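K.L.:
One structure, pasted below without further comment.
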Amino acid sequence: MKLDRMRVGSRINDEEAMPLTAPESRARDSIDSSSTASISLTLVEGASHATTEPSKPAHNHNGRTQGNYAEKYRDDLEEDWEENNYIPTNGKSSQRRTLIVFWLLVALCVGGWAVAFLFFVTSPGNKTSTSPHSGSNSPEGDVTKPGIPATGKKIPLDDAIGGVWSPAEHTISWIAGAKGEDGLLLQKSEGGTGPYLHVEDVRNIHGTQSNNNSIVLMKESVFFVNDERISPEKVWPSPDLKTVLAMTREKKNWRHSFTGLYWLFDVETQTAQPLDPDAPNGRIQLATWSPTSDAVAFTRDNNLYIRNLTSKSVKAITTDGGTNLFYGIPDWVYEEEVFEGNIATWWSLDGKYISYLRTNETLVPEFPIDFYLSSPPGYSPKPGEESYPYVQQIKYPKAGAPNPTVSLQFYDIEREESFSVDVKDTLKDDDRLIVEVIPGSKGKVLVRETNRESYIVKVAVIDANKREGKIVRSDNIDEIDGGWVEPSHTTTYIPADPSAGRPDDGYIDTVIHEGYIHLAYFTPLENPKPKMLTTGKWEVVAAPSGVDLKNNVVYFVATKESPIDRHVYSVKLDGSELRMLKDSDKSAYYDVSFSHGAGYMLLKYQGPQIPWQKLISSPSNADNYIEILEENKKLAKLSNEFALPSLHYSTITVDGFELPVVERRPPNFDETKKYPVLFQLYGGPGSQTVNKKFLVNFQTYVASNLGYIVVTVDGRGTGFNGRKFKCIVRRNLGHYEAHDQIQAAKAWGKKPYVDKTRMAIWGWSYGGFMTLKTLEQDAGETFQYGMAVAPVTNWRYYDSVYTERYMHMPQNNEGGYENASISNATNLSQNTRFLIMHGSADDNVHFQNTLTLLDKLDILGVHNYDMHVFPDSNHGIYFHHAYKMVHQRKYFNLSFLGH
């Protein structure tokens, strides 16, 4: 869900079928990231669905210990609004719009609460001293002061949440040349100057040099088929760059999936034809290039087809797909929780086989979502039924309910036949999740599966040529450290190359090693014991980010300097020469994306100071190329004009664990005053909110404009502090996390500059659950106020894949589910006041969660809460711009002041 990475040797981003473009500048000067009207050049988000070389994974965090699997971090219950504010790093246009509305909603919802809270904290009897004083009662740890004068202007709320402070970012779509050339990217011209779609050498990104590697793919932004004018919305060039797969008329489905009309555009003739000439208006769910560029596999109406480019014929690979059977694409829960994308079709590297997932959700129960004010486009109720709500039925497996059953199928291109491969000792169908499929060379395929409670993990090697397979790795994570494994998307296939010192095929994986997540190299494929590439009391994060196969160098991002920092490192495939990228600072947060052959990289400095981006050659590349792509001069200018809070990084010790903390202090902070404190949290398993990223958001506004102290604590269960720190929450979500927030609040309440009678906490989604769990456990002793948005209140109501990973099935952990639910209404009644908000059409955290809690409150006659329901709003609560009403209402005036 987070940042995307292009796979090594691939032309696609596997998380989603690629949106067409992300705004880019032609010059070094910064651009306004909220305006693209004057931009004439953009870089295409994705290039092809064909995987023609060993893959590089998406950004995540997996691990194992000496051959034992670990996990990657996923915020399944959030939309990454806190971290990315308004500008997502992946450049996806449709997702960006969703995140914009989502973040605006979050901030404005809480804005109404915080502004009203201001009336409370500044009311008679709550005044504090304003005399200036330079004291020494400050927390220990790093202090980030961006050089902003305390007398600067205050940040308007609309600016803090509206993208004005979002760093300008550039997303590069790296692409391999037709002959494997490195350092190429896909570009799209917006302003009518130059060709519409072309491949360019990264060293000529501004178009100032002539270069033989430049290839024009589409001269114009439109093409015609039978006199129909067609404007492509997404494009994927073939690996040989002779044909472009174009999509139009996109319709969103779930978070990552969509449908559209697909076309084949011939680069030489600049003409196009339907992907399926016999069904040009058929809505296609997914289309992927063959690595040999001579065929496209696609799914339509849940059936898998193949189109051979040498003819206009389309062959059906499956025919029984329908409401409950999916071929080549995931169902809802696999898209959301397992693959984090819409792809379940994989070509072999030689183009001879297609691997595809068969998903059967016949036994999965349906959950109804009622829409009282809206309905899908084209829906017309029967006469006389206009007053009834539209009901959408979703196949949604809740904890303990039947999951979809899956199996991996194969299609032999030459023989035109489908087949399956029986592998001995695999998990039973009703207890199996297929979480990763990695095509290799010579018909080999790596398949990773887990049990539904995500603690038994098996890796199989299947030989499609011989139609046989075997389990080569098997581990029980529960026996290793009591933890879990999450779906992996980072495994990287390493082909044999005796001339480069690699006699056998292998793969790079992330493993748990001595309690931390590290890189390991398995070779040959059947070897269960890896060569450890990294070790130590720190963790790899994006692993690997790139692989230079010519020089046997692996690049990755890690927390070696500090859990809240990110730096780029390299290591040899033999485990030697571990080095930090020389451009890195000691205290910083970096991200990176690599070219096809890892000879070039887009290095992104993301904080704590003003972010910048550079295109540079990799250390293993003698080119010594460097290009400053973004300096964010506009953002630097803003930072000199406005008064921002100072950020104080520290740790606090709770039960022997060191918890990362960031405290945002108002400008002109005076230690003789007594400040109200707002705790903001997310806290989901493996997540991280305290880091060194530059971020101006709603929390900044609260500290800067309202004069509060805003504290964020990453308690136990969060990521990047080792397995012991994280896995302690297993089977008992909410207990340790809430305890840590309370202990942190008590520690802050003892500080001389904190008014411990005015402490509040708030969060969204998992953060909403954590807010209520903290208020429940605290029973009014430390926190007086809270706000929970779209909270989980009973883990039996959330989806099975996510929930059982941390809680096991309810049948196997009844007491844990009871403890993790929000059920102690008596304790909640001890708080001064709390607010619950939820959208009635939330398809992620169902409204059922809030209704169940309300019933408990009603039974015990609890009155110290308020409730706001947003009709027809989903998890983002933006139907009819509902956030505006939240922002305008005087809720906390009435709650705190009584008028």
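Glycine residues also receive a Cβ, built from the backbone N, Cα and C atoms like all the rest.
In case it's useful when we look at the structure, here is the feature table from Swiss-Prot:
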{"type": "TOPO_DOM", "residues": "1-99", "note": "topological domain 'Cytoplasmic'"}
{"type": "REGION", "residues": "1-69", "note": "region 'Disordered'"}
{"type": "COMPBIAS", "residues": "32-43", "note": "compositional bias 'Low complexity'"}
{"type": "TRANSMEM", "residues": "100-120", "note": "transmembrane segment"}
{"type": "TOPO_DOM", "residues": "121-899", "note": "topological domain 'Vacuolar'"}
{"type": "COMPBIAS", "residues": "128-139", "note": "compositional bias 'Polar residues'"}
{"type": "REGION", "residues": "128-149", "note": "region 'Disordered'"}
{"type": "CARBOHYD", "residues": "ASN212", "note": "N-linked glycosylation site"}
{"type": "CARBOHYD", "residues": "ASN308", "note": "N-linked glycosylation site"}
{"type": "CARBOHYD", "residues": "ASN360", "note": "N-linked glycosylation site"}
{"type": "ACT_SITE", "residues": "SER765", "note": "active site, charge relay system"}
{"type": "CARBOHYD", "residues": "ASN819", "note": "N-linked glycosylation site"}
{"type": "CARBOHYD", "residues": "ASN824", "note": "N-linked glycosylation site"}
{"type": "CARBOHYD", "residues": "ASN827", "note": "N-linked glycosylation site"}
{"type": "ACT_SITE", "residues": "ASP842", "note": "active site, charge relay system"}
{"type": "ACT_SITE", "residues": "HIS875", "note": "active site, charge relay system"}
{"type": "CARBOHYD", "residues": "ASN893", "note": "N-linked glycosylation site"}
K.L.:
Give the residue from the recorded positions ASN360, SER765, ASN819, ASN824 that has the most other Cβ atoms within 10 Å of its Cβ, counting over every protein chain displayed.
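P.N.:
The largest 10 Å Cβ neighbour count belongs to SER765.
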K.L.:
Hey, of ASN824, ASN827, HIS875, which of those recorded positions are within 10 Å of ASN308 (N-linked glycosylation site), Cα to Cα?
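P.N.:
Correct set: empty; none qualify.
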K.L.:
Any same-chain residues 6+ apart from ASP842 (active site, charge relay system) with CB under 8 Å of its CB? Would you list them in sequence order, or say none?
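P.N.:
Spatial neighbours, sequence-distant, of ASP842 (active site, charge relay system): ALA790, SER873, ASN874, HIS875.
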K.L.:
Express the distance between the Cα positions of ASN360 (N-linked glycosylation site) and ASN824 (N-linked glycosylation site) as a whole number of Å.
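P.N.:
With the alpha carbons as reference points, the distance is 39 Å.
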K.L.:
In whole Å, how far is SER765 (active site, charge relay system) from ASN827 (N-linked glycosylation site) when you measure between their Cα atoms?
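P.N.:
Approximately 21 Å lies between the Cα of ASN827 (N-linked glycosylation site) and that of SER765 (active site, charge relay system).
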K.L.:
Considering every residue in the topological domain 'Vacuolar' (121-899), what is the mean pLDDT value?
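P.N.:
Per the prediction, mean pLDDT sits at 91 for the topological domain 'Vacuolar' (121-899).
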K.L.:
Which one of the glycosylation sites (ASN308, ASN827) has its C-beta surrounded by the most other C-beta atoms within 10 angstroms?
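P.N.:
Its Cβ has the most other Cβ atoms within 10 Å: ASN827.
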K.L.:
Tell me the Cα distance separating SER765 (active site, charge relay system) from ASN819 (N-linked glycosylation site), rounded to the nearest angstrom.
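P.N.:
Cα to Cα, ASN819 (N-linked glycosylation site) and SER765 (active site, charge relay system) are separated by 18 Å.
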K.L.:
Rounded to the nearest Å, what's the C-alpha distance separating ASN824 (N-linked glycosylation site) and SER765 (active site, charge relay system)? Just drop the number here, would you?
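P.N.:
SER765 (active site, charge relay system) has its Cα 19 Å from the Cα of ASN824 (N-linked glycosylation site).
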K.L.:
If you count Cβ atoms within 10 Å of the Cβ of HIS875 (active site, charge relay system), leaving out that atom itself, what do you get?
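P.N.:
For HIS875 (active site, charge relay system), the 10 Å Cβ neighbour count is 23.
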K.L.:
DSSP secondary structure for ASN819 (N-linked glycosylation site), reduced to helix/strand/coil, please.
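P.N.:
Helix, per DSSP.
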